[in-house]
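S.K.: Shown below is the structure under consideration.
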Ligand code: AMP
Ligand code: MG
């Protein structure tokens, strides 16, 4: 275990130089205080969880203090936002404080979001509010606990600093961690500004640090792109299988590592709805739940365009062609597991589609359906679940197919089936209304609810005594909450 002043830094991105980022110091928050910290994320830095409660912790992550070895930098990037190219974006309110090595030899970027103005702030104030910082914190750690690759969150620091959004709110900072903060938009920036030297440096950096195994391949850059395509296909398959809607899949929000990145008006589905749009400024539904799949490919094509100086167009096209089949295979595999199936049959895709259609028409709770399906024997479970469906005959027909499919699947006890299914079907997910309750309490100075919710979501598959209220369908007020896009 390390003390806070014992972290080891090696700021490799900063060393790429001023063409890639600008030195900026964090702007401190007034009266910084700990809102919530993640023990699991602390462990990634070998930090004793107890240090989160010390005053120096809030000072460090509230922008008052800095390690001597930290080199805070605002990164420059660009990206396609809602399909249109924005020539320059960048860290407008976040700073890469530096890269930290842990005892296992992993390195983690420490990125402080809400740290004040930078040369890339454009019209913004460089700040983040408590509400959005809590949402990012909870989502990062909850996704990780579900087994969905994501940037991590160490802590949220609250403050008295006034920040104006639709109304006056208070500033906060969230300390985000990831092995890299490089986005598709980094490559696009150097490609469209026609800076081949820097672009080559960036590509070498990513290859050496994050895809070293691709060096062994005959065409290392192509191998790296292929890996990025594969990781994104797997990531988006997990989003779709677990009902996660990102909401702002602009290419500047897409990580080069294929992890969930940059949280805005995201949502987990309550009722299953393929057409769900969680972002209220997304009038055309470009980033609706089901569109995440083709948008994943669109974004990879945008990255491919930026990689044309290194890889032939034919090879890029061929590799892009892998995305959809890989996505489908991953998705079907996950859905089979959610249904408790251990083998593959040709008609499984149809079985899943038929179920989702029934759920869509009846507004069935997406998470609880799968959890309850494993609670009891197949026959008993479907008999109980049928009441949730408006089209009972339709559900009965599906249930007959499902029961027969389970029969053919294998010879296992209900005990084994339940254990297997509960291991992939969470009981607790970050429902918008739960986040909203925790935020309301935190805004009035009570952080206990955020902390409890974070705890519950850190073990989403385990039934936890006394936590029944976190496993309920949302109350009427909690469905379809309008989550402000301003953050
Ligand atoms: P986002 O929608 O959070 O992914 O941000 C898109 C771009 O706007 C990024 O370049 C951000 O750094 C920038 N940005 C968002 N909010 C602010 C803010 N309050 N102040 C400065 N820049 C911001
Ligand atoms: Mg962003």
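Cβ coordinates come from backbone N, Cα and C, glycine included.
Pasting the feature list from TrEMBL:
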type: ACT_SITE; residues: 252; note: active site, proton acceptor
type: BINDING; residues: 90, 92, 93, 113, 125, 126, 176, 183, 262; note: ATP binding site
type: BINDING; residues: 253, 262; note: Mg(2+) binding site
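Mind running through what each feature is packed against?
M.R.: Sequence-distant neighbours of residue 252 (active site, proton acceptor) (same chain, six or more apart, CB under 8 Å from its CB) are 77, 78, 79, 80, 81, 86, 89, 183, 184, 185, 262, listed in sequence order. Taken residue by residue with DSSP, residue 252 (active site, proton acceptor) is part of a helix.
Counting only same-chain residues at least 6 apart in sequence, those with a Cβ under 8 Å from the Cβ of residue 93 (ATP binding site) are 113, 114, 115, 116, 117, 118, 121, 124, 125, 126, 127, 128.
According to its DSSP assignment, residue 262 (ATP binding site) is coil.
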S.K.: Which of 125, 262 (the binding-site residues) has the most other Cβ atoms within 10 Å?
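M.R.: Compared across 125, 262, the most Cβ atoms within 10 Å surround 262.
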S.K.: Non-local Cβ contacts of residue 176 (ATP binding site) (under 8 Å, 6 or more apart, same chain)?
M.R.: 94, 109, 110, 111, 112, 113, 136, 140, 151, 152, 153, 154
S.K.: How many Å lie between the Cα of residue 253 (Mg(2+) binding site) and the Cα of residue 90 (ATP binding site)?
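M.R.: If we compare the Cα positions of residue 253 (Mg(2+) binding site) and residue 90 (ATP binding site), the gap is 11 Å.
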S.K.: Tell me, by DSSP, whether residue 176 (ATP binding site) is helix, strand or coil?
M.R.: strand
S.K.: Taking only the residues the record lists as binding ATP, namely 90, 92, 93, 113, 125, 126, 176, 183, 262, what is the largest Cα to Cα distance between any two of them, in Å to the nearest whole number?
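M.R.: So the maximum pairwise Cα distance among the ATP binders is 22 Å.
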S.K.: Which residues does residue 90 (ATP binding site) neighbour through Cβ under 8 Å, counting only same-chain ones at least six apart?
M.R.: 74, 75, 76, 77, 118, 119, 120
